[in-house]
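Some notes on the structure that comes next.
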Protein chains: 2
Amino acid sequence: MPNASSLPPGFPTVGIVGAGQLARMTAPAAAALGVRLRVLAGSRDESAAQVVPDAVIGAADDLDALRRLAEGCDVVTFEHEHVRPEHLEALLAEGVVVRPGPQALLHAQDKAVMRARLTEAGLPCPRWAVVSSADEVAGFADGTWPVVLKAARGGYDGRGVWVVGSAAEAEPVLAELASRGVACLAEEKVEFVRELSAQVARSPHGQAVAYPVVQTLQLGGICREVVAPAPGLVDDEAVAAQDVALRIAGLLDVVGMMAVELFETADGRVLVNELAMRPHNSGHWTIEGAVTSQFEQHLRAVLDLPLGSPAALAPLAVMANVLGGDHPDMYAPYRHVFARDPGLRAHMYGKQVRPGRKIGHVTVVGDGPLEPLLDRARHAAGYFMGEILE
Amino acid sequence: MPNASSLPPGFPTVGIVGAGQLARMTAPAAAALGVRLRVLAGSRDESAAQVVPDAVIGAADDLDALRRLAEGCDVVTFEHEHVRPEHLEALLAEGVVVRPGPQALLHAQDKAVMRARLTEAGLPCPRWAVVSSADEVAGFADGTWPVVLKAARGGYDGRGVWVVGSAAEAEPVLAELASRGVACLAEEKVEFVRELSAQVARSPHGQAVAYPVVQTLQLGGICREVVAPAPGLVDDEAVAAQDVALRIAGLLDVVGMMAVELFETADGRVLVNELAMRPHNSGHWTIEGAVTSQFEQHLRAVLDLPLGSPAALAPLAVMANVLGGDHPDMYAPYRHVFARDPGLRAHMYGKQVRPGRKIGHVTVVGDGPLEPLLDRARHAAGYFMGEILE
């Protein structure tokens, strides 16, 4: 570790709870700004801890570990939501600057709290209810199945979401959540035409910027592809989606990046699906595709620096996730994919391959038309995953 | 340090001799590729050692330190030339992969060797001679003063270069170099209209790419501004400059990035001024301005991966260096420069401010015209340096 007294003065230290790929991709932004980064990692082998010298080893649900992370940091922020609100309140009481604050973050942690707050504020949500019995699920369905059940807390990447076709199918879900002490939400299964993501950043003093609205393709609850901007989205629709995200950011006093995952319905409306108060998979395209990446923007927001331009650098960007498949070696494919496509941008997260695990992503940026860009991104991702052999 | 056995297989480790800003700016490229980086740093406080967990502490002119760097690395490369050729030959003999190799690197280390080789190959150089006495300088001048004297080895950022107006003025330079055992070159003082830089990358198997030729502004031997591409350079001239750089890369069996600094004369010819076999200040614009940054390209070349596209992402990019001035705090200026210009890209190197020291740079990328981009970059750099107050 460097000796702090020999480093240039003025530059702050940002502590990130978590050391996955989102923290890893924040490291380049911090290095460019000269901002010092510290991560809270479960081990030295974690994705971000491989590339950040200042890694505090500990668990995100351990108040003592959070205190060790916060010690000497100018601000503590997050790359995931799996942290206890009471621990963050304890840090606040001890004078730690936590951004986003626990009152905001709660809405990304607890879907029941989020739904209640957004509904109260008139923001567009699917029909929803908190349910605790199969009878209540049946009452919510009112004869229209399937119904979506969600764990109010703790889900991610498709975990904690079930689509049930009857009250009987709801039983084991309700039993499992009850056994874990987690509330259950029932939501109408929205007949969406596609999924969108509206990312915004907001500063402590209220400056906010909105990124171009993107289209996301989710399979099995995992983001697979992002197209920026969302094709064919007319200006009014894009502005409406950005407006929803900006209103939520203001309503909840969000600080940092926030992604609002949206359903677009056949009649052109948007409904809020999920919130994430951190950099998000739907914003990875911004590394190469936007003036200011979501990772730098998050740092600027939590540091209360003026926000950077969220404008796109090119008419189109396509991002495709690389999930773990059969092959453990994700380096060898570079020889093929880079030779085939000199414009391909690749990101590998330093994670061991496990089936279905997000281990990297690729991005292509260009003028369009869209189809060749999609083909390039899909080919590269497919080749990494072993689904495409040449 | 992560436990190597728990990291994903296949990804190589690259060792960099040096831990200044060039190594620091290589770290993001390595993190994106999943390539592991190790740097040889004089101390933990050095620019790159602040952001690379795997820093070997030692001196670049210490063979033992070089061996510790090389241990476990798949390839060893450089961010500066201040390393002894005999040490590199020793590493080679021990089986270390060194790229560029010592025989290539020698031409970036010794200007007399470089001049002789390029002249022999018919590549365009200023008139030159090795000189060892004031009489020889006078003979070289043949009545036309001033003459440029250069230390054959060890110079950088304007050090090791003198412009002398008479044989008498040459005396102390010759005496100093003789006392250090360094040969002295005399060169005609080229009446250039501007300076250019042609950057190329080359792989061990001979693949090569050429970046757009840029215009550089040097003051006191220090790069201050880069405009990419060089304004008004007609295609033939750009191709001629790229051709010179590609021929040199092939001739010298360069591996990695190489910058060829050129003088452009009034009649549209280019003459080779200096070579650098590593990422170079004239290529910082590529971080935001090109599909593949010079830092990623250097890694891809030394790893013998297929090279990335060197194409520009926008019609124009302007980079301005930030040099140390009176103010030690380079973070506070962000509040002003970012608020004034949301499109500004800033890079701070984690270096203490010292007068005239390169401590950061800014880049703006856009469609043109050039003048507003120049104004933006100059304003931001000037504000950091305390030369512009609002």
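Including glycine, each Cβ sits where the backbone N, Cα and C put it.
All annotation found in TrEMBL is predicted automatically rather than curated by experts.
All protein chains shown were included, and the count of other CB atoms within 10 Å of the CB of B:GLU187 (ATP binding site) stands at 21. If you look up TrEMBL, you'll see B:LYS111, B:LYS150, B:GLU187, B:GLU188, B:LYS189, B:VAL190, B:GLU195, B:ASN273, B:GLU274 marked as ATP binding site.
Annotation comment: TrEMBL describes B:115-303 as domain 'ATP-grasp'.
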Around the Cβ of B:GLU195 (ATP binding site), the count of other Cβ atoms that are within 10 Å: 22
Structural state of B:LYS111 (ATP binding site), classified by DSSP into three states: helix
Span of B:LYS111, B:LYS150, B:GLU187, B:GLU188, B:LYS189, B:VAL190, B:GLU195, B:ASN273, B:GLU274 around ATP - largest C-alpha separation, Å: 18
B:LYS189 (ATP binding site) - helix vs strand vs coil (DSSP): coil
Binding-site residues: B:LYS111, B:LYS189 - member with fewest neighbouring CB atoms within 10 Å: B:LYS189
For the domain 'ATP-grasp' (B:115-303), the mean pLDDT of the predicted model: 95
